[in-house]
Amino acid sequence: MLDYKFIKENVEAVKQNIKNRHMNADADKAVELYDKRTALVTSLQNLQKDRNDNSQSMKQKLSPEERQKLVDQGKAIKEKIAQVEAELAEAEKALHEAVSKIPNMAHPEAPVGKEDSDNLEVKRCGTVPKFDFEPKDHVQLGQDLDLIDFEAGTKVSGVKFYFLKNEAVFLEQALTMYGLNILRKHGFKPFITPDIAKEEILYGIGFNPRGEESNVYSLEGEGTCLVATAEITLGGYHSDEIIKKESLPLKYCGLSHCFRREAGAAGQFSKGLYRVHQFSKLEMFVYCTPEESDALHEELRLIEEEIFNGLGIPFRVVDTCTGDLGAPAYRKWDLEAWMPGRNGGEWGEVTSTSNCTDYQARRLNIRYKDDDGKNKFLHTLNGTALAMSRAMIAVLENYQQADGSIKIPEALVPYCGFDRIG
């Protein structure tokens, strides 16, 4: 959430940012409501002063008529205060709702665009494999090697669910331990997080827990949702808290299941493990001072690069365009791995990392005490270490062999206990 005063003083820039992001929000309405709230606050303060003056006057020596007049005035002031307080509460609610729809400001260097095709490639790492055979996609590999059962997943749970089987189970656990050990080396505190969060926490992070376009599974009548990422639970961990500055940055990593409705998702790249309703993910989350957030954002991206370089998976880094940014993100980097099973080979997103500045902290009321003793909103960042399903696609497709087997990346062999599948 943006600061109310910032919107008031920078309304044209805020409106342009909304336009660049292709989002629906009304900055002018927010300013109008802000002005209304300000006027009501002033009115309330004046009435409270009148009430105090009336109370002081009652302490003087008065005739019965004078006292009754002050009593009547006091009652009128009290009624007016109650009326203005009610109007102020409504204005506060309307202002909060209007501002909550306004996205974070985008980084000035973020490419302006509408969708992921407008993202800007900034680097490539690794060598795209050249096969002397027709490479299979992970769906066919999973079927041939008895690793993934989509048919049983659909029968038991519905479409976009699956069973991992046999060596694929060990492969997912190997990816998990590989990622955890890298994050531990970088000073991250590990968590296994709840799979359910309150709606107000999702709202604070920037997810829409309700509505037809919501990507979230809500638990009817509970006021809770299945989490789409550990960003939600790790971000809510310090809600309504004041954190000591000397303890910052706080670097957390959370392992969780992730549940996503994927409403409206379709197309060839939605097949198999790429876009499913449930998967496991290792997520990074950082709380820091505003001065640290840009550097820490680079650090998160470099950790993601380290993870995929260590796996020997070719990838590229893209600077996400304004239209492809989530509402909380100030800037976002995506890592896209090479996936040979896509039409003979294409890039597919495997991680992202976002600097959300103070957008989430304002919504969740997370602050730190600065050197001057003032409580200020801190910055939050998040980044995917490993989304296991997509990482598995990259491993299976890039490491497939001519005989139909899968070679295990060297970094994963100690965790798997085997070096080949098939």
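Heads up, the Cβ atoms here are built off N, Cα and C, so glycines get one too.
Noted in Swiss-Prot for the protein shown:
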type    : residues                                                       : note
BINDING : THR229, ALA230, GLU231, GLU283, THR384                         : L-serine binding site
BINDING : ARG260, ARG261, GLU262, VAL276, GLU349, VAL350, THR351, SER352 : ATP binding site
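Projection of Swiss-Prot feature records onto the structure.
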residue: THR229; record: L-serine binding site; contacts (Cβ under 8 Å, 6+ apart): SER256, CYS258, LYS281, GLU283, ASN382
residue: ALA230; record: L-serine binding site; contacts (Cβ under 8 Å, 6+ apart): PHE191, THR193, GLY254, LEU255, SER256, CYS258, LYS281, LEU282, GLU283, PHE285
residue: GLU231; record: L-serine binding site; contacts (Cβ under 8 Å, 6+ apart): ILE205, GLY254, GLU283, PHE285, ASN382
residue: ARG260; record: ATP binding site; contacts (Cβ under 8 Å, 6+ apart): ASN215, VAL216, TYR217, ALA228, VAL276, HIS277, GLN278
residue: ARG261; record: ATP binding site; contacts (Cβ under 8 Å, 6+ apart): SER214, ASN215, VAL216, TYR217, HIS277
residue: GLU349; record: ATP binding site; contacts (Cβ under 8 Å, 6+ apart): ASP116, ASP334, LEU335, GLU336, ARG390
residue: THR351; record: ATP binding site; contacts (Cβ under 8 Å, 6+ apart): GLU304, ILE307, PHE308, ASP334, LEU335, GLY383, THR384, ALA385, LEU386, ALA387
Next on the checklist: Going by DSSP, is VAL276 (ATP binding site) sitting in a helix, a strand, or coil?
Outcome noted: coil
Item to check | Winner by Cβ contact number (other Cβ atoms within 10 Å) across the binding-site residues GLU262, GLU283 | outcome: GLU283
Checklist entry - Here are the binding-site residues: SER352, THR384. Which has the lowest count of other Cβ atoms within 10 Å? => result SER352
Checklist entry - What's the longest C-alpha separation between any two of THR229, ALA230, GLU231, GLU283, THR384, the listed L-serine-binding residues, in angstrom? => result 10
Item to check | Per DSSP, three-state class assigned to GLU231 (L-serine binding site) | outcome: helix
Checklist outcome for this item: For L-serine, residues beyond THR229, ALA230, GLU231, GLU283, THR384 with C-beta within 8 angstroms of the site's Cβ centre include exactly ILE232, LEU234, GLY254, SER256, CYS258, LYS281, LEU282, MET284, PHE285, ASN382, GLY383
Checklist outcome for this item: Across the binding-site residues (VAL276, VAL350), the Cβ with the fewest other Cβ atoms inside 10 Å is that of VAL276
Checklist entry - For ARG261 (ATP binding site), what is the secondary structure by DSSP, using just helix, strand and coil? => result coil
